[in-house]
Structures are given as C-alpha cells and as structure tokens.
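Right, one structure below, let's go through it.
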Amino acid sequence: MIAERATVVGAGSWGTAFSLVLADAGLDVRLWARRPELATRITETRRNGDYLPEIDLPDEVHATADVDEALEEADLVVLAIPAQKLRAGLAEWAPRLPERATLVSLAKGIELGTGCRMSEVILQATGVAPERLAVVSGPNLAREIAERQPAAGVVAAFDPDTADLVAAACASPWFRPYTSTDVTGCEIAGATKNVIALAVGAAEGLGLGDNSKASVITRGLAETVRLGVALGADPATFSGLAGVGDLIATCMSPLSRNHRVGVGLGRGGTVESVVASIGQTAEGVTSCESILALAREAGVEVPIVESVVAMVADGQRPELIVDALMRRQRKPEKA
Ligand SMILES: NC(=O)C1=CN([C@@H]2O[C@H](COP(=O)(O)OP(=O)(O)OC[C@H]3O[C@@H](n4cnc5c(N)ncnc54)[C@H](O)[C@@H]3O)[C@@H](O)[C@H]2O)C=CC1
Ligand SMILES: O=C(CO)COP(=O)(O)O
C-alpha cells in the first residue's frame, strides 16, 4: 500500500513545513488550520505568513479550516499540534477519522498530569490499533526543512510496514527518513532534548562558552538514555537521529524555540516574558515537569531536567543552578 493523500492537523511551523515535505514526496496534502482566516490567507497567498512567511507552498498543499473537508479520503493523518493540546484536539477529530488512515505524531512532548507519551495519548484518545500509528522525529528544525536544506529523520512505528509506508510518504531528494520500531525511544529522546536545550540556552544566556554547553549536552544525553532505557527504549536509539542528532540541532541552533527560551532566561528574563516574545511552542517549558515526574516514578536521576524545572517552574536563577550542578558528588562517567 502507498499513501496518496495526507491531512496535516495544525498549521504552525512544523505542520506547515511537513506539509511541504509530503507534497514534495508526491502526496496530495490538506493542511488544517484552526483559524479560518489563516486557512484563507494561505490559500490566497500560497504562504503561511504567521509561521514561515518567506516560504512558497507547493500547489499540492491545500489549506482548510473545515475538519471534514480536511479528512476526506486521507491515508495519513499527521498530528502537528502542541503536546498539551493533543488529547483535547483529538476528542474532536477521533470520531471523524477515516477508518484505515495511519496516524502520524509530530509532537515532541510528554503530557502533563498523566506522563503519557504522544503515542499513548493518541492510542487512548482515538482507540486506533497500535499498528496504525507512527512517530516522526529527528533533527528537523522547521525553517531549514521548509527551505529544503538536506536533512534526515526517523519514522518509528510498532509495525515495520507502517514505518515503511510513512517513510515512503515523506521521502524526497532532500528529506531522508530512516525507519525504527523504537517508538518509546524516539519519543523520550524528542521530548527530553527540548529540556536539555533550555539548559544549554540558559548557559549561553549567562555568557558561558562551548565547553560548558558541550558538557550540558553530553550529560543531558546521559540522563536521557537512563530515562529511556528505564522506560523500555533501545539504548541505540539515543545515538541516532532522534537522539544525538536532534539534541545537537536543538541545543545549538538559534532557530530552536527551546534554545531561545533558555537564552532569554539566562539573560534574566521571566518565563512568561520570554515565551511571549517568541510566540510559538517551546515544548520543554511544559514537558520538563512531566519528564521529571516520569523519571522520579522510574527511580532515575535527571539532575539537568530537575534544574530546568527549578528555573522554569520555580523561578530559580540560572547561576544557582550551574553552581548546584557543578557541586554534585563526583562519580564514574558511565554511572
Ligand atoms: N517547529 C519545529 O521545528 C518542530 C516542531 N516539532 C514539534 O511539533 C509540535 C508542533 O510544534 P510547532 O508547529 O513548531 O508549533 P507552533 O507553535 O509553530 O504551532 C502550533 C500550531 O498548533 C495550533 N494549535 C495550538 N493549540 C491548538 C489546539 N488546541 N487545537 C488545534 N490546534 C492548536 C496553533 O494554532 C499552531 O498552528 C511540537 O510538539 C514541536 O515540539 C517537531 C519538530 C520540529
Ligand atoms: O524539534 C525541533 C528540531 O528537531 C524543533 O525544536 P524547537 O521546538 O526548540 O524549535
């Protein structure tokens, strides 16, 4: 089976960029925008001026704010709304999903309150069989993808045939999807790297240099692997594109919203003011608390995630956090 028609739910930066990926791979794409005026503007200008203003969208991308029109005959339904909004959003979509459509999650977060990964939220909210679900992750900053800069990603699914189907639906000369069956690993890596990027951004905002940032990235990877493995992930996933690949892109790029929020906090801004000035989703700000809760439940130490929670949720100053991390008890690196 091949997918011919896709619906992308959410016309933010990643939903818009991914609709272009699917169109370049040869699919007919419906891009659903929550605001009818945005759908109209995209149709009229062939651009999404709110999120990717300089990018011309291919003719195969059709914007709409009508759920039924968006879903008609969809082979793939790609979910590109923020993690904390997904369950509520799906309540509206679930009864209208085409019976055989494959659902694809793009969100990189962990649900607050439940600790659910996005695949778990989707399965619970829609009741679809796990074989109909896939997750896309990797170093895929929306702007660079939309500019068609060459990049690779990972499509993870419980069923390898589903991973192949979705990979075929997004493959192009400039987007190379690899496949995986480690859904848990890809999701934990994708959500946790946003939190590590907040810490790295804060270090940058404090004026610290590359040694400090590389140290946080590397130790951040160590705690991500510990958490992922405790939750059943394959450790090899974390040295792949969804792991180290995305960690590097998000922690180092000024395009990353999480990195930018971290820089703002390091420079002394408040969470509210920094997030508001960016005006887009920075998943680490909310998911840091749910990731910490998951880690505590699993009995895993995640000191950098813990520090980010102290900074974001408890308003602690980043300088104190650096100090606390540096004063931790010495131990073997691999512990
Ligand atoms: N932007 C990027 O470079 C990448 C983002 N992601 C992930 O994709 C997910 C979406 O992020 P972005 O598109 O970047 O965020 P964004 O902030 O650019 O756009 C979010 C979109 O979701 C819509 N939305 C918000 N609440 C909604 C609701 N209750 N119901 C329906 N739609 C709603 C907004 O109107 C907006 O169109 C996040 O989990 C993010 O971590 C993953 C890879 C790359
Ligand atoms: O997930 C991303 C890149 O792979 C996007 O990161 P930000 O959400 O921090 O912009």
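Note that Cβ sites are derived from N, Cα and C of the backbone, with glycine treated the same way.
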NADPH site partner of Ser13, Trp14, Arg34, Arg35, Tyr51, Lys108, Arg257, Glu283 (as recorded in TrEMBL), chosen from Ala142, Ala146, Ala222, Ala324: Ala142
Residue among binding-site residues Ala11, Ala142 with least C-beta crowding, 10 angstrom cut-off: Ala142
Substrate site span - longest C-alpha distance across Lys108, Arg257, Asn258, in Å: 13
Close-lying recorded positions around ligand 2 among Gly10, Ala11, Arg34, Lys193, Asp246, Asn258, where CB distance stays under 6 Å: Asp246, Asn258
Listed recorded positions adjacent to ligand 1, that is, members of Gly138, Lys193, Ser256, Asn258 whose C-beta is under 6 A away: none
